[in-house]
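Colleague: Please read through the structure below; I'll follow up with questions.
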Amino acid sequence: MAKKSMIAKAQRPPKFKVRKYNRCKICGRPRAYLRDFGMCRICFRKLAHQGEIPGVKKASW
C-alpha cells in the first residue's frame, strides 16, 4: 500500500519545486530512473527489446 500512496504523492505538484523526485511513468519505481526516457531501467529494457522506443537499438561492437 505504501508504494501506491507514494506513486500518487509523486504525481501531485510539490509545494516547492526542489521537492520533486523522479519515478518511472510506467511502474512507479523510484530507483534506476533514466531522465531522457522518463522510465526505469527495467521498463526501458523491456520496451527497447519490443522495439517501442524509437531510435534505440542493441549495441554491438
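The backbone N, Cα and C atoms fix where each Cβ goes, and this holds for glycine too.
If you look up Swiss-Prot, you'll see C24, C27, C40, C43 marked as Zn(2+) binding site, on the strength of sequence analysis.
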Colleague: Just name the most isolated of the binding-site residues C24, C27, C40, C43, going by other Cβ atoms within 10 Å of its Cβ.
Modeller: C27
Colleague: Would you mind pulling the DSSP three-state label for C27 (Zn(2+) binding site)?
Modeller: coil
Colleague: Would you list the other residues of this chain near Zn(2+) - those whose C-beta lies within 8 angstroms of the C-beta centroid of C24, C27, C40, C43 - in sequence order?
Modeller: R23, K25, I26, G28, R29, Y33, M39, R41, I42, F44
Colleague: Need the DSSP three-state call for C40 (Zn(2+) binding site) to compare against my parser.
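Modeller: Reduced to three states, the DSSP call for C40 (Zn(2+) binding site) is strand.
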